[in-house]
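For reference, TrEMBL has these:
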BINDING   99, 168, 196  Mg(2+) binding site
BINDING   328, 343  ATP binding site
């Protein structure tokens with residue numbers, strides 16, 4: 001019996017992950033996507049609508065989820081997490097679709113702040129799989145990995161009868177799979193920057209045009225304060241063309257006591273954006289609920305013009321305090337004297353912010369050796385990222401692929417961490433790791449730089465003194481890739497897959 005047939009019969013979580021991974025693009029397919037990106041862009045949304053119809057899901061069904069659609073280059077995940085937590089603390093049942101995942105793919109689909117359990121994920125996966133895969137007409141494409149998960153998220157949110165769906169864009173916005181929602185309630189724009197340039201364009205203006213594609217006529221949009229001028233101009237132009245209001249989120253004057261002094265500047269901006277988005281959403285929800293109670297038809301006035309504030313400040317502050325988004329500005333005690341500073345920054349600007357965050361936390365840490373664990377993915381140039389880090393004065397730097405532990409077959413190829421693209425080009429991955437090391441050595445010839453085959457081996461070297469003895473005082477910055485961070489969590493904090501905080505790391509035995 002073939003593995004595919006056996007998976008369909010078992011229909012458990014591991015078989016669901018294996019079947020899902022078969023929908024990933026390999027290196028050759030990705031090259032083709034890049035070559036044909038302009039020719040096929042317009043097909044993506046109609047394809048999503050056709051696939052959704054196979055699930056008996058219409059655009060109206062998607063719209064009924066009262067969607068908050070979030071895009072941006074940096075901070076869209078954190079903004080979404082804050083918004084989800086705020087609305088949950090206001091008493092609403094929430095659905096949250098995000099990407100990428102860190103440890104297990106089920107993290108991408110959350111109900112009331114919790115990732116789907118393995119059982120829930122498998123149940124919904126196989127229901128959607130049975131309707132979408134193997135049912136398309138000859139010549140009709142089947143959904144790939146991300147479109148499939150988008151459809152599965154919408155299906156799940158409808159089944160769970162959520163009050164609001166917070167949907168994070170995958171890449172870009174205009175042609176992203178999530179953009180088949182035709183009437184979102186609010187659109188949000190986190191900070192814009194240069195990333196995914198091969199797909200989105202080489203300038204802030206080009207990238208902003210792609211992001212602005214999620215705007216819809218009459219739907220209010222909110223942008224974070226401090227957007228680059230050229231990006232903001234594009235958003236304003238698109239807003240005027242569509243006749244939809246664009247608001248700039250004001251800075252937060254006060255933070256909950258539990259967060260005061262703890263948030264990095266970018267986190268404060270994300271929190272401010274989330275608060276503004278929730279305020280707009282709650283105004284519309286309050287109007288709808290009042291009209292429904294009165295037994296009248298659904299007539300919604302402009303939710304940006306209501307002077308009465310629907311935001312419960314106590315619930316808002318509780319939501320901000322309870323929000324959790326692992327992989328960003330995370331401090332994890334590893335063992336006495338050794339602390340891991342974890343941030344999945346992967347653009348030059350976000351790596352610079354991570355470096356500033358790390359430097360601020362180092363003040364007063366006299367005698368602690370500073371060390372680096374780094375990798376990068378995609379088309380990002382290593383020197384653009386590493387130039388932000390050399391000023392920190394690391395004494396050791398370890399470079400490795402996004403593999404948990406190459407010495408253990410069970411951990412190094414965890415199904416949820418598996419990448420079809422990576423497995424198809426191991427030499428290319430090794431070359432990137434070597435480029436990272438070479439670039440860092442060119443920037444800092446004094447640092448002891450080494451290459452390892454996995455995260456576990458790199459970390460073991462970093463937390464020793466070079467002679468095999470444990471370091472007494474050591475601070476390790478882990479950055480450059482969310483997938484690298486995911487490997488670290490899979491090894492030290494697997495509870496992240498269940499929506500738990502990282503807490504104290506489980507030291508390598």
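For all residues, glycine too, the Cβ spot is worked out from N, Cα and C.
Predicted automatically and left uncurated, TrEMBL annotations should be read as such.
Each of the binding-site residues 196, 328 was assessed for Cβ neighbours inside 10 Å, and the highest tally belongs to 328. Compute the center of the Cβ atoms of 99, 168, 196, which mark the site for Mg(2+); besides them, the chain residues with Cβ within 8 Å of that center are 76, 77, 98, 100, 169, 170, 171, 176. For residue 343 (ATP binding site), other Cβ atoms within 10 Å of its Cβ number 24.
Counting in whole angstrom, residue 328 (ATP binding site) lies 14 from residue 99 (Mg(2+) binding site) by their C-alpha atoms. Of the binding-site residues 99, 168, 168 has the largest number of other Cβ atoms within 10 Å of its own Cβ. Taking the Cα of residue 343 (ATP binding site) as the reference point, the closest of the binding-site residues 99, 168, 196 is 99.
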